[in-house]
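Right, one structure below, let's go through it.
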């Protein structure tokens, strides 16, 4: 780090065991304080750290760790910094030891899904450990957790290595960072697959305890200054008779309230039921990195969804997400769609197929749907929402219709030629959408077009759709003759049927900052 080199040797007169720390050790200390939120990098000037800022950061860390408070680097402080811990920051900037709150879910009945397991534990032991991790919280707060084995889940748990392409905060190998999690309503929990994950022994890293800690984050709890609390940032080791610390209990109850004793027995019987995967036999599984899509939509939760055949996947900056059966996310929705469009104006998603339309709010079908949609030609090619006039555009062949969801629209003047409004766009597009960057995109075959503010095709387009899907060098290894993703046997992936396809599975967070991937060499298991 260049900004450290100018002052590192002069600013930090730190010693350990009577000897002065070298530049590399000092840099590691500063990196730690910066990484976990004890020290803030100056906004202006690369060498503007003040000695008092670093001293205060060390004092805060020592206080939060239950160490003698000196503001100096000593043996105990150095040892504490080397302990395995959670990857989230410690926003300790107040004197109170009270729990920290990061937000909460707007519902209390949550689903979770286990995507893979480490090589050191069997599937039954992993499942038992994770179920117990959730149960610690549901035993003291009015929360229920239900495991699902396919489709969307509120909380998604997975194991990643150093080179995971779909996890923005990559892990560092054995020791140091053990796991990290998203805040509420994002829902990703990632574990370092290189740790020696164990259960029922003092050796290795106890999966049950670490998972319970990360679930606490996923429910909205920050780190606790009580070193004996589950939500303390540093791993305290295996505890065979573990119970939540009073600070953990107070924090979760501040978010969700107390669990009612009279409903406890009833909920205990139902909270860990599992939901079986969809059993209907789907069509062939597509490769997201080849071929055209049936529809594309910037949908609920700000995620980009691509549809092909009976499957849907999310598109992230790190590549295509997992393939789900469409009906697993939107119950009652068929595959092989003609078009789809999400309207931020009404928060409704409309899907078109033949002469019918399906309407969903989030992932729930509206009453009375599907219904016939005879006001335009059947078998549409594409649809998009245009934020400029808050209208929905429907495309078929070389023409388009402009439809107002909330008002009676006179469609007798349509269709109008696509080229009169969207210059340079091909006829019969397979998909279209307005995206987060405010631009309009059209897709056809293996190409896509971006339009500028004048609704003309931008320079450099069309481009290959693999660029849009962020495939490129991130594309999983494929069989050169079939294009199928090549499986193997390093990790265990859950919730899919045995197949030679789809060995890359990803559930991105709502921010697309933490999504999950499994490298090549995976064994796919039926749920």
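Heads up, the Cβ atoms here are built off N, Cα and C, so glycines get one too.
The signal peptide annotation in Swiss-Prot covers 1-18 and rests on sequence analysis.
Residues or ranges marked as motif 'Cysteine switch' in Swiss-Prot (evidence: similarity to another entry): 84-91.
The N-linked glycosylation site annotation in Swiss-Prot covers 109 (among others). A strand conformation is recorded for residue 109 (N-linked glycosylation site) in the three-state DSSP classification. For residue 109 (N-linked glycosylation site), other Cβ atoms within 10 Å of its Cβ number 14.
The disulfide bond annotation in Swiss-Prot covers 289-471, and the record cites similarity to another entry as its basis. Taking the Cβ of residue 289 (disulfide bond) as centre and 10 Å as the limit, one finds 21 other Cβ atoms among all the protein chains shown. Residue 289 (disulfide bond) falls within neither a helix nor a strand when secondary structure is assigned with DSSP, and so counts as coil.
Summarising the annotation, Swiss-Prot assigns repeat 'Hemopexin 3' to 377-425. Sorting the repeat 'Hemopexin 3' (377-425) by DSSP state (H, G, I as helix; E, B as strand; all else coil) yields 4 helix, 19 strand, 26 coil.
Looking only at the repeat 'Hemopexin 4' (426-471), the predicted model's pLDDT averages out at 88. Under the heading repeat 'Hemopexin 4', Swiss-Prot lists 426-471.
With a cut-off of 8 Å between CB atoms and residues at least 6 apart in sequence, the same chain places 446, 447 near residue 464 (N-linked glycosylation site), listed in sequence order. Sequence annotations record features per position, and here Swiss-Prot assigns N-linked glycosylation site to 464 (among others).
What Swiss-Prot lists as region 'Disordered' is 473-500.
If you look up Swiss-Prot, you'll see 479 (among others) marked as N-linked glycosylation site.
Annotated N-linked glycosylation site per Swiss-Prot: 521 (among others), in sequence order, evidence recorded as sequence analysis.
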Rounded Cα separation (Å) that holds between residue 109 (N-linked glycosylation site) and residue 289 (disulfide bond): 35
C-beta crowding around residue 471 (disulfide bond), within 10 angstroms: 18
